[in-house]
Amino acid sequence: MDITIQHPWFKRALGPLIPSRLFDQFFGEGLLEYDLLPLFSSTISPYYRQSLFRSVLESGISEVRSDRDKFTIMLDVKHFSPEDLSVKIIDDFVEIHGKHSERQDDHGYISREFHRRYRLPANVDQSAITCSLSSDGMLTFSGPKVPSNMDPSHSERPIPVSREEKPTSAPSS
């Protein structure tokens, strides 16, 4: 895979006009100087990109693991309470929906909503699936796998989200 390395002084013509952070997971959390004036801030410090660094570390990335005996989804939903989350299994898919109404924060008013959909492996026992939300905002959805000779049932059913008082340890790769 070829990666183009380009000095910040030679950005494409429309680069400064394209917003960098306005439509990511941090929408509504306040803007940095770079977000409002990307050309100006890059001339002051062409290598300073806090918003890019922050978005990599705190982007709400989900992790899906399918081990030999277990299927797990870990999703950062720190801005949502269990009441704001809906987790359903519909046939071979897990649908996770989060929505909270408009509320006031440090920067004004914010409302958030997301939808995630994941395909379940065919050998996951849907009747034994659990879902929990840790105190640090990690939603963990997991279910055991059954031997391939058993046929797991497929239907729609909601999965309750329980709250855990301990933070989830960082997922290891």
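Even glycines carry a Cβ here, placed using N, Cα and C.
The N-acetylmethionine feature in Swiss-Prot is assigned to Met1.
The feature Zn(2+) 1 binding site is assigned by Swiss-Prot to His100, Glu102, with similarity to another entry given as support. DSSP gives His100 (Zn(2+) 1 binding site) a strand state. Here the Cβ of His100 (Zn(2+) 1 binding site) has 15 other Cβ atoms within 10 Å, regardless of which shown protein chain they belong to.
Residues or ranges marked as Zn(2+) 2 binding site in Swiss-Prot: His107. In the three-state DSSP scheme, His107 (Zn(2+) 2 binding site) falls into the coil class.
What Swiss-Prot records for 142-173 is region 'Disordered'.
Away from its own ends, the compositional bias 'Basic and acidic residues' (153-167) comes close to residues 82, 85-92, 94, 126-127, 129-136, 138-139, 141 of its chain (Cβ-Cβ under 8 Å, at least six residues beyond either end). Sequence annotations record features per position, and here Swiss-Prot assigns compositional bias 'Basic and acidic residues' to 153-167.
Positions annotated as Zn(2+) 3 binding site by Swiss-Prot, on the basis of similarity to another entry: His154.
Taking a C-beta cut-off of under 8 Å and a sequence gap of six or more, Ser162 (O-linked glycosylation site) has these contacts in its own chain: Pro82, Thr130, Cys131, Ser132, Leu133. Under the DSSP three-state reduction, Ser162 (O-linked glycosylation site) is assigned to strand. For Ser162, the entry in Swiss-Prot reads O-linked glycosylation site.
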Exercise. Near Glu102 (Zn(2+) 1 binding site), how many other Cβ atoms are within 10 Å of its Cβ?
Worked result: 9
Exercise. Given His107 (Zn(2+) 2 binding site) and His100 (Zn(2+) 1 binding site), what distance in Å do their CA atoms have, once rounded to a whole number?
Worked result: 17
For this session: Mind giving me a neighbour count for His107 (Zn(2+) 2 binding site)? Other Cβ atoms within 10 Å of its Cβ, every protein chain shown.
Result: 10
